[in-house]
Each structure stands twice: as structure tokens, then as C-alpha cells.
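K.L.:
After the C-alpha cells below, expect a handful of questions from me.
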Amino acid sequence: MECDKKYITIQQLEQHNKAGDLWISINGKVYNVSDWSKYHPGGETPLLNLAGKDVTDAFTAYHPTTAWQYLNKFFTGYRLKDYEVSEVSKDYRNIIHEFTKAGMFENKGHTAVFTLTSVAAMFGFVFYGVLCCNSLWVHLCSAMVLGMAWIQSAYIGHDSGHYIVMSGHGWNKFVQLITGNCLTGISIAWWKWTHNAHHIACNSLDYDPDLQHIPVFAVSSRLFNSVTSSFYGRKLEFDYMARILISYQHWTFYPIMCVARVNLYIQTLLLLFSKRQVQDRTLNIMGIIVFWTWFPLLVSWLPNWSHRVMFVLTSFVVTSIQHVQFCLNHFSANVYVGPPNGNDWFEKQTNGTLDISCSPWMDWFFGGLQFQLEHHLFPRLPRCHLRQVAPLVRDLCNKHNLPYNSLSFWEANELTIRTLKMAAMEARDVNNSGVSKNLLWEAVTIHG
């Protein structure tokens, strides 16, 4: 009966917002996940970011209907007093319900099979070109194909990380390790750690790791206040060196993207050999060993050092297309400071993402992630459906006066560079940066 139910206020819920005392609300019912958070398949970070909040929309976005049956064992007996659902959340949940009824989350199409086949064919070409040919031009083409194979492998790793490639959890994990660790040298454990935090705290300057690139890049002058990263647990220092680098970031953006892959290798090793809790650490390390066995051996088979340097650099430069694309999706979108709020999930995703408009035949090239907003709203939806649902998302944004940002690849590049240049110009302003000028600084920045 209604009179037998116990209630707490949102203010009381917000007090349980840390590790060891972590409560959340789903559909107005309050759950204590303090002890279970470290076993959460998506990692503890997403739960910590939303601790003490209603997380209904985020939970619905990330979990299939079968997950709801496990909530009862965490129920505190409390319900949220004066629990209300916004109109945009009602519409959002209705869309997810319709997608579920239509079986769209389970219907994965043939995209993954096609992509996996193309990746296998590309790797076959690469090994043939390196092992069986001595021509510089063949080796150059092989390097370019390897870069494209890495891009497509990353897309499959991304999709399997969201468990939308194979039907079973175990098979998805297998695909993750093969396409991520073994083929690209980038740990799926590192990807999950950062990517899940990114989805939950999309474009939060202090909670989203995908925007925390100081001292190299800064998308907003608010980062000049040396904000503390909740994700890394340290201050992002805007010091003298950061000011110099960021002042020219609109010029260095593309060159850095050409070697950005090196940073991913470093981040992978730093995580796997750190003291942090890492799911499947041993499997991830074994996969990385596989990569760092076959790739150096392949490169060593080339006839001389000029071929080897050319081969590695070319393959890295090709993958820069993907690194640029990921930046386009978020760098020029709206940002905010502070933790995400569970009650404005839809709004935060629309404000923090940018779609890349393209022809259907380019969907394979962009891995479906040109529909960035659609993917953020429906991370469990296989990429073969993203183009189909885009008009529904656009209509919902129009209905609630929310932005639906979609630009061509060229336009998105222009907007991103303008965003970086604006922050660069502000970094040069001593009044904004708080870093004193000197003669060296004047000499470096005199030409603008």
C-alpha cells in the first residue's frame, strides 16, 4: 500500500555520493550499489560520476531489459519523494521502448560480418605486400591499407565494447581482445575505462577524459583555471609550457593527430601496468604481447630502414583520419564544468555531440560514428540502424528546442579549428591565463 512505502528526498539521496556509500535512483526507486560498484561490468567510474542521482535514462540507455531483474537485490526500500519525469525523458524512454519492441537492439544486421571480412582481407594484403614484394610503392600501399585496417578494427572493437557485434557476452569480449589488443595494440580495458566515462559525462571539462588533453590541447578557456580532473584524480595544470603549446594548437592539431596513435600505446601500457583495478588484466596484457610480436616482426621484414620508417609513419598518418573524426564529434560542441546530472541525460548528449553528415556509402568508412548523437543516446543500438533512427532523433530535438548539430566533414573540421584557435588566442591573453609574460614568450608569439 502507498502508506507503507518509505521515501527520501533528492537532497538525502545526494548525500550517498561516494565510493563505499553509493546510492542511485532508477524510476524513483533507490538502490544501494556501494559494495557492487567495483564489480560493475562497465567499471566503477560511471557509477561514481552519477552517485547520489536519478540515473534512469542512463541505465535505460546502457542496459537491456534483462538487467532490470537484478536490481531488486540492491533495493533499499526507499523511493524518491516527488519523483517526476521530464517531457523529453518521457519521449526518450518511449523511443527506447519502441526500439525494443521492434527488436532493433538484437538485430545486428550484417555490418559486423562485412567489416570483419574486410579487415581480414586488408591484413592479408598487408602481409602479402610486405613478405612477398620488394617494391617501395607496394610497401607504401601496404602501409596505407594497414592504417585503414586499424581504423576498421577499432570500429569493431568499439562496437563489441558496447556488446553490439555478437549475440553473446563472451563472444563480444573475444572480438574486443582480437580487434583491439591483438590487431591494433590498444587495450580494450583502457578503452572501456575512458570511453564509459566519456559517455556518462559527455563534454564535462573535469569529468570527461576525452576533453582532458592539457598541456597539448584545450577546447575552452575554462581549462586555463587548472581544473581538477575527477577522472584522473589530479589537477590539469595550465602552466607556462601548456600556454605555449595551446597558443598554437590550431596549427599543431593535424600534425599531432598524425602521431596520436603513439599516445594510445602509452596510455594502454600505463593502465595495464598500474595499480588500478583492471578487468581481465592478464588477457589484455597477453593481447598486447601478441601485437608487439607480430607488428615489429612485420616491420623488420622490410628490406631497409627507409622502407621501415616510411611504412610505420604512413600507417600512423592514415589512422589520423579516425583520430580527427573523434575530435570533430566533440571538440566544437558545448562544454560544461561539473559532474553529469542524471535528470538531463538527453539534453547533455545533444549539447555535447556533433554528427558528420555523409552519403550512405560512407557509413562503413566512418564506422557509424558519424551519427555521434544517435550513438550516445542509444549506445546498445547496432550501427546498421543509426541512419534509420536519425530522423526520429532530429524530430525529438526540434520538439523540445534542443540542438541537433550535423555538419559535413569539411565544415566540422573548420568549426573545430575555429574552436581551437579561439582558445589559443585566449591563452595568449595574460589577463585570462594568469601566466606572466617574459621576453621568451614575446619572441615565440610575436607572429601570431
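In case you wondered, yes, glycine gets a Cβ from its N, Cα and C as well.
Note that TrEMBL annotation is computational and uncurated.
Keep in mind the model is a prediction, meaning the values are calculated, not measured.
Dumping what TrEMBL says about this protein:
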type     : residues : note
DOMAIN   : 5-89     : domain 'Cytochrome b5 heme-binding'
TRANSMEM : 111-131  : transmembrane segment
TRANSMEM : 137-158  : transmembrane segment
TRANSMEM : 251-273  : transmembrane segment
TRANSMEM : 285-303  : transmembrane segment
K.L.:
Does the transmembrane segment (111-131) reach the transmembrane segment (285-303), going by 3 or more CB pairs under 8 Å (6 or more apart in sequence)?
P.N.:
yes
K.L.:
Sort the residues of the domain 'Cytochrome b5 heme-binding' (5-89) into helix, strand and coil with DSSP and give the three counts.
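P.N.:
Computed counts for the domain 'Cytochrome b5 heme-binding' (5-89) are 32 helix, 22 strand, 31 coil.
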K.L.:
How does the model score the domain 'Cytochrome b5 heme-binding' (5-89) in terms of mean pLDDT?
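P.N.:
Mean per-residue confidence for the domain 'Cytochrome b5 heme-binding' (5-89): 89 out of 100.
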